[in-house]
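Per Swiss-Prot, the features are:
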- 92, 108, 109, 110, 258, 259, 260: substrate binding site (BINDING)
- 96, 106, 145, 175: divalent metal cation binding site (BINDING)
- 106: active site, proton donor (ACT_SITE)
- 175: site 'Important for dimerization' (SITE)
- 240-275: region 'Important for dimerization' (REGION)
């Protein structure tokens, strides 16, 4: 498939662009680059910024790996593809800010190709982005979802609501009965209507991520915070760790396929904490996160209703 080279070129360019923009807004640290090879086939480049002025740790990873047999995490929903050789390439990033008022965020765009001698390759795209605030602001939630909606709109009226719901359902800690954050977009197994359109969509998602995230960083980066806010941020980061290690398909795929553990676990926060039976104080900003932000909401419909009433 000659189209694979175009996807790879886009992904490498996306990684470079995102790193440049994040380093520029941080202003206190730069990305360290770590190129690596995988014994089973392929390799990648991990870029990590640590100890920044704004970002405590940010990892932006590119990988292009090959293998002789799809691991279970990639073929669970497509049992007909079990045993096929595969290529997988993508950019995955996680941003853990220092300030508790700036949300953690994650984004990913990827391409899978499953191959079998004598048959046409089976390909599909996946990805999305999501936001995990510690202290919620409605203005930020509406902006985040408006950005997601607008980039989806050229591809059909049903795309945003479908992928928003998928995101709400996917980034949910079943063992806690609790959402990880306020969602965004999530999609997988995308191969319709054709390769060109599917590729155009992941370009829109990848290029649109910082349009959603950086304005939130700018709004919140200078807010004062102290030990209370930091403790709550670290406690909520524990939920992030739980999701990634228990439920995340990307983490499971990486580990099951013999991926590079350092790069796979790059998504982990540098610090997190757990408390036994933690309960936020009633009517506190911490309680508002659970009450007003973690339950799935139609942020855009609520915003439009409010604007009409105003």
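If you go along the chain as it appears here, the first residue is 1 and each next one adds 1.
Each Cβ is built from the backbone N, Cα and C atoms, and glycine gets one as well.
Recorded features from Swiss-Prot, shown on the structure.
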residue	record	Cβ within 10 Å
92	substrate binding site	25
96	divalent metal cation binding site	25
106	divalent metal cation binding site	25
108	substrate binding site	22
109	substrate binding site	28
145	divalent metal cation binding site	24
175	divalent metal cation binding site	9
258	substrate binding site	14
259	substrate binding site	22
260	substrate binding site	21
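Taking the C-alpha atom of residue 96 (divalent metal cation binding site) as reference, the shortest distance to any of the binding-site residues 108, 109, 110, 258, 260 belongs to 108. Of the residues the record lists as binding substrate, namely 92, 108, 109, 110, 258, 259, 260, the two whose Cα atoms sit farthest apart are 20 Å from each other. DSSP assigns residue 260 (substrate binding site) to coil, not to a helix or a strand.
Checking each of the binding-site residues 108, 109, 110, 259 against residue 175 (divalent metal cation binding site) by C-alpha distance, the shortest gap belongs to 108. A Cα-Cα distance of 17 Å separates residue 108 (substrate binding site) from residue 145 (divalent metal cation binding site). Across the structure, residue 145 (divalent metal cation binding site) and residue 109 (substrate binding site) place their CA atoms 18 angstrom apart. All protein chains included, residue 110 (substrate binding site) registers 20 other Cβ atoms within 10 Å of its own Cβ.
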